[in-house]
Ligand SMILES: NC(=O)C1=CN([C@@H]2O[C@H](COP(=O)(O)OP(=O)(O)OC[C@H]3O[C@@H](n4cnc5c(N)ncnc54)[C@H](OP(=O)(O)O)[C@@H]3O)[C@@H](O)[C@H]2O)C=CC1
Ligand SMILES: O=C(O)C1=N[C@H](C(=O)O)C[C@H](O)C1
């Protein structure tokens, strides 16, 4: 498979190594806006750039009929427009706030726990995410996905930064040193607390998941998530 890597920073470089180790050819390594020329007839694009440029980058790929795997977080207000473009161009698109297997299992675990607790109504929920000091968005895309999964299955109606209050599920966003990504969910009652925590030791799990998603999407049509790739 010919892969274009859009965004060649911390993630792009690991995606490059893993792509090659799995037998793919990396035909573009971009730190700038993609164009028809520099995309170099790629079969699929893997986009890990930054919140300001992700929309334009994905749009260009879709207009060139190149399937896109996007891991960039912090641009989701424009996701409906991208999904419309993907369908219009008959080109598949997959966004994942977190491509690691562990976090996708963690999503399912929290959705199920929230569902079980919704009948009991004794527990309040609080989210916490910790990331490195270079991160541009807060809360993390992963924390937003966890919150959305809990909201769908509980009394909560929306999420907000800071402490949980009434029907608003709170997310504490902490920036510390070079932390790759730690997410905790606290379910607290008057008498006890359940804490569920995922800790990424490094970025390899994110990068491997993105390459697996690219291998999976290349002959598909539609809008997908990691749930489709992993059959969850
Ligand atoms: N979904 C997931 O599993 C994960 C998602 N992420 C997300 O991925 C994104 C990237 O993370 P990370 O690699 O750590 O960030 P980095 O800042 O290390 O890398 C971003 C790269 O994008 C480049 N860039 C800047 N402008 C453009 C442009 N117009 N087009 C293409 N590339 C451009 C930067 O170049 P330059 O340095 O020259 O500015 C840099 O090489 C973030 O949004 C992060 O939150 C991160 C890890 C996992
Ligand atoms: O910026 C990062 O580094 C990460 N971003 C993603 C997010 O916002 O959830 C995924 C991972 O936690 C690392």
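Think of each number as a place in line: the chain as shown, counted from 1.
From the backbone N, Cα and C atoms, a Cβ is placed for every residue, glycine too.
Sequence annotations record features per position, and here TrEMBL assigns active site, proton donor/acceptor to 131. Under the heading active site, proton donor, TrEMBL lists 135. Sequence annotations record features per position, and here TrEMBL assigns NADP(+) binding site to 31. The NAD(+) binding site annotation in TrEMBL covers 71, 72, 73, 96, 97, 98, 99. Per TrEMBL, (S)-2,3,4,5-tetrahydrodipicolinate binding site is recorded for 132, 141, 142. The domain 'Dihydrodipicolinate reductase N-terminal' annotation in TrEMBL covers 1-99. Among the features that TrEMBL reports, domain 'Dihydrodipicolinate reductase C-terminal' is placed at 102-230.
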Quick check: in three-state DSSP terms, what is the residue listed as 'active site, proton donor/acceptor'?
strand
So which binding-site residues are near residue 71 (NAD(+) binding site), with CA atoms within 10 Å, out of 31, 132, 141?
141
Within 10 Å of its Cβ, which one of these recorded positions (31, 131, 132, 135) has the largest number of other Cβ atoms?
131
Spatial neighbours of residue 142 ((S)-2,3,4,5-tetrahydrodipicolinate binding site), counting only the recorded positions 31, 72, 73, 96, 131 and Cα distances within 10 Å:
73, 96
Which residues, in sequence order, are found in the same chain with Cβ within 8 Å of the centroid defined by the Cβ atoms of 71, 72, 73, 96, 97, 98, 99 at the NAD(+) site, excluding those residues themselves?
48, 70, 95, 141, 142, 206, 210
Closest of the recorded positions to residue 72 (NAD(+) binding site), Cα to Cα, picking from 31, 131, 132, 135, 141?
141
Would you count the other CB atoms within 10 A of the CB of residue 142 ((S)-2,3,4,5-tetrahydrodipicolinate binding site), including those on all shown protein chains?
25
Across the domain 'Dihydrodipicolinate reductase C-terminal' (102-230), what are the DSSP residue counts per state (helix, strand, coil)?
48 helix, 37 strand, 44 coil
Proximal residue to residue 141 ((S)-2,3,4,5-tetrahydrodipicolinate binding site) among binding-site residues 31, 73, 96, 98 (C-alpha distance):
73
Which recorded positions, if any, among 31, 72, 98, 99, 135 have a Cβ under 6 Å from ligand 2, given in order along the chain?
98, 135
Select the closest residue to the residue listed as 'NADP(+) binding site' from the following recorded positions, measuring between CA atoms: 97, 131, 132, 135.
135
Under a threshold of 6 Å between Cβ and any atom of ligand 1, which of the recorded positions 73, 96, 131 are retained?
73, 96
In the domain 'Dihydrodipicolinate reductase N-terminal' (1-99), how many residues does DSSP call helix, how many strand, and how many coil?
35 helix, 21 strand, 43 coil
